[in-house]
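Chemist: A single structure is presented below for examination.
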Amino acid sequence: MTTLTARPEAITFDPQQSALIVVDMQNAYATPGGYLDLAGFDVSTTRPVIANIQTAVTAARAAGMLIIWFQNGWDEQYVEAGGPGSPNFHKSNALKTMRNQPQLQGKLLAKGSWDYQLVDELMPQPGDIVLPKPRYSGFFNTPLDSILRSRGIRHLVFTGIATNVCVESTLRDGFFLEYFGVVLEDATHQAGPEFAQKAALFNIETFFGWVSDVETFCDALSSTSFARIA
């Protein structure tokens, strides 16, 4: 078992019955010229987050954790995005950006597009699981819950973008399904001003889960590995 120092208190988990979840590390969310950038959100500080996710993934994989990668988006015709009868049609900033800039139609978050692809620095490896998702939460219309339960996984460690949207939405839904959720704060990035990051982390550590960081996470996994060898 691994004990991870976190806020508001430490949490203990078995790495081999836990998953590291990488949320939406796509060009859309982390690269200049991607959806968030074109929609007016600042993505200039995402590079350190990418590096920290690389570090966390390497440590988690070595410890035997399942790695799950999410990609947010829809089919090329945007049927999966929902029409006017869906609140997603009205609230998705990607869909609104394309309606306001018709030349972008079919380019934002469309499966197969550059925007939809994971950033070059973060590539899934054999044994990892890659899941598409059509909404903010990774539990909505995906097999995530079934995948986790069939493997006896109850603890989820979250990284990715955006902390205050898809990361928090997935962690919250997991909380209601009896999963223990931890966010590595320096391996996440918000959509919007910095206060959005702080508010999301406050909500998570106060009501829905735990907050730690990449160095602490890696040290905890390393200590567990040494203990097993000894």
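The backbone N, Cα and C atoms fix where each Cβ goes, glycine too.
Source: prediction; values computed, not measured.
According to Swiss-Prot, the protein carries these features:
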- Asp24: active site, proton acceptor (ACT_SITE)
- Lys133: active site (ACT_SITE)
- Cys166: active site, nucleophile (ACT_SITE)
Chemist: In Å, rounded, how far does the Cα of Lys133 (active site) sit from the Cα of the residue listed as 'active site, proton acceptor'?
Modeler: 9
Chemist: By a simple count, how many Cβ atoms lie within 10 Å of the Cβ of Asp24 (active site, proton acceptor), its own Cβ left out?
Modeler: 25
Chemist: Need the DSSP three-state call for Asp24 (active site, proton acceptor) to compare against my parser.
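Modeler: Where Asp24 (active site, proton acceptor) sits, the three-state DSSP reduction gives coil.
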Chemist: Take the Cβ of Cys166 (active site, nucleophile) and count every other Cβ within 10 Å, whichever protein chain it belongs to.
Modeler: 23
Chemist: What whole-number Å value do you get for the CA-CA distance of the residue listed as 'active site, proton acceptor' and the residue listed as 'active site, nucleophile'?
Modeler: 8
